[in-house]
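**Q** Below are the features listed in Swiss-Prot for this protein:
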- K269, D274, D292, E353: Mn(2+) 2 binding site (BINDING)
- D274, D351, E353: Mn(2+) 1 binding site (BINDING)
- K281: active site (ACT_SITE)
- R355: active site (ACT_SITE)
Amino acid sequence: MEFSVKSGSPEKQRSACIVVGVFEPRRLSPVAEQLDKISDGYISSLLRRGDLEGKPGQMLLLHQVPGVLSERVLLVGCGKERELGERQYKEIIQKTISTLNETGSMEAVCFLTELHVKGRDTYWKVRQAVEATKDGLYTFNQFKSVKPETRRPLRKLVFNVPTRRELSLGEKAITHGLAIASGVKASKDLGNMPPNVANPAYLASQARRLADDYESVTTKIIGEQEMEKLGMTSYLAVGRGSKNESMMSIIEYKGNPDSDAKPIVLVGKGLTFDSGGISLKPGEGMDEMKYDMCGAASVFGTMKALAKLNLPINVIGVLAGCENMPGSNAYRPGDILTTMSGQTVEVLNTDAEGRLVLCDALTYVERFEPDCVVDVATLTGACVIALGHHISGVLSNHNPLAHELVNASEQSSDRAWRLPMADEYHEQLKSPFADMANIGGRPGGTITAGCFLSKFAKKYNWAHIDIAGTAWKSGAAKGSTGRPVSMLVQFLLNRSGQETEE
């Protein structure tokens, strides 16, 4: 689909369809009022008749409105004007795109980007409209023998902005939105892949493919033999029960003209399937453990978006691929592992495996002398209990970095919330036999997991994002969400000095 931005009056638009908002109860938006005036009250007369109340998501398609050059006008219910928020705005955009496709529109000029959304500017509204549109059109049906027919005639969508001086901001928003949407799609596709296809070797193949597609990207794959030489015993232990080889994919993007500029490092947990190992998970819902690699998938999607945007920064993405299976060679509760850092860990539960993979990955990235390191992982069920399915958790050893990430989450509407990491929580990780245990009990489970990782991130500024509650959805809408790609790309946009606010 082609996106563009323009600034013009609705009555002068020669398009297949004009999209304008109507507020509850039956109140025309300023743009709809202009059309109503041109049509001698035609639209307001329909509202008085009760054809549209203006409730969120209501749609009314009008044909041949008097005085209007466009063939059709789509009236979109936007709810109460003062209550139009971010979530409702994005839902309205998606419903609008769905209606345009269902009604056969090939092109449309959308004036919904002129609506007032609390605390948001033109850049945000246009970018979110692009992201919401692409996300709403996403499907994953490549494994269906008969592909469902979908009617999608819409080929061109123009977003109108109030003034000509906002055109450049709107164009930038489209560029950013398309790159982010591409990264989100890549992340969702990886997450939704079945685990008999998407194993660690598949992650590595996708990393290589990214390097083939973009000159600014190079890839290195580290297999078990090299991990053995590096002393990544903890990482290797997790994958011992699986016949699929553990592989760590290093994706390097160089965009900074200063070759000595320190890189930002993103590390993604890539458990392509997590059975729990010897500490086997319950059978119900275990199929969703294919999503335990969504941290790696989001890092991959972020690297793809970054390459598309060609930002002037250096970033390294690490996909820590592994599979946790029970087997005669699997690691056990009671085992003591010597990590790459030299610290020892007593395994109390083999289903707390993500941190055992990440700890060695965090030690490995020390060699890059990073500006900062951000790891992303579906790490703890405790985070779902703490924050639900709407907000990701952030823990960090560096206040400015934590602030940057939370700020980026607010800017992108891919929300995160910082959790504490006080010294007292480290007490729960004590072991009588090793330097630490791999779990600290049920209380504060997300925090103690963060405390565990922090022991391997002492040589750089570090943050951890727990996406256990936000990486995928269950039920009828089951599937990967692609989060937190939007947040991570916003963080990188900010780091590269890109202005994304008026």
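Quick reminder: no glycine exception, Cβ is built from N, Cα and C everywhere.
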**Q** Cα distance, K281 (active site) to D274 (Mn(2+) 2 binding site), nearest Å?
**A** 8
**Q** Between the Cα atoms of K281 (active site) and D292 (Mn(2+) 2 binding site), find the distance and write it as a whole number of Å.
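**A** One finds 13 Å between the Cα atoms of these residues.
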**Q** Could you tell me which of these binding-site residues, D292, D351, E353, has the fewest other Cβ atoms within 10 Å of its Cβ?
**A** D351
**Q** Should E353 (Mn(2+) 2 binding site) be counted as helix, strand, or coil on the basis of DSSP?
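**A** E353 (Mn(2+) 2 binding site) sits in coil per DSSP, no helix or strand.
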**Q** Using DSSP and three states only, what is K281 (active site)?
**A** coil
**Q** Of all the recorded positions given, K269, K281, R355, which has the fewest Cβ neighbours within 10 Å once its own Cβ is left out?
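**A** Each of the recorded positions K269, K281, R355 was scored by Cβ atoms within 10 Å; lowest is K281.
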**Q** For the recorded Mn(2+) 1 site, whose residues are D274, D351, E353, find every other residue on that chain with a C-beta no more than 8 angstroms from the centre of their C-beta atoms, and list them by sequence position.
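**A** Other same-chain residues near the Mn(2+) 1 site: V238, L271, S275, G276, G277, S279, K281, M289, D292, N324, T350, A352, G354.
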**Q** What does the structure give for the C-alpha distance between D351 (Mn(2+) 1 binding site) and K269 (Mn(2+) 2 binding site)? Integer Å is fine.
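**A** Between the alpha carbons of D351 (Mn(2+) 1 binding site) and K269 (Mn(2+) 2 binding site) there are 14 Å.
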**Q** Quick check: which same-chain residues outside K269, D274, D292, E353 lie with their CB within 8 A of the centre of the Mn(2+) 2 site CB atoms?
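**A** Here the nearby residues are V238, L271, M289, M293, C322, N324, G354, V357, A377, T378.
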**Q** Quick one: pull the CA-CA distance for K269 (Mn(2+) 2 binding site) versus R355 (active site), whole Å only.
**A** 9
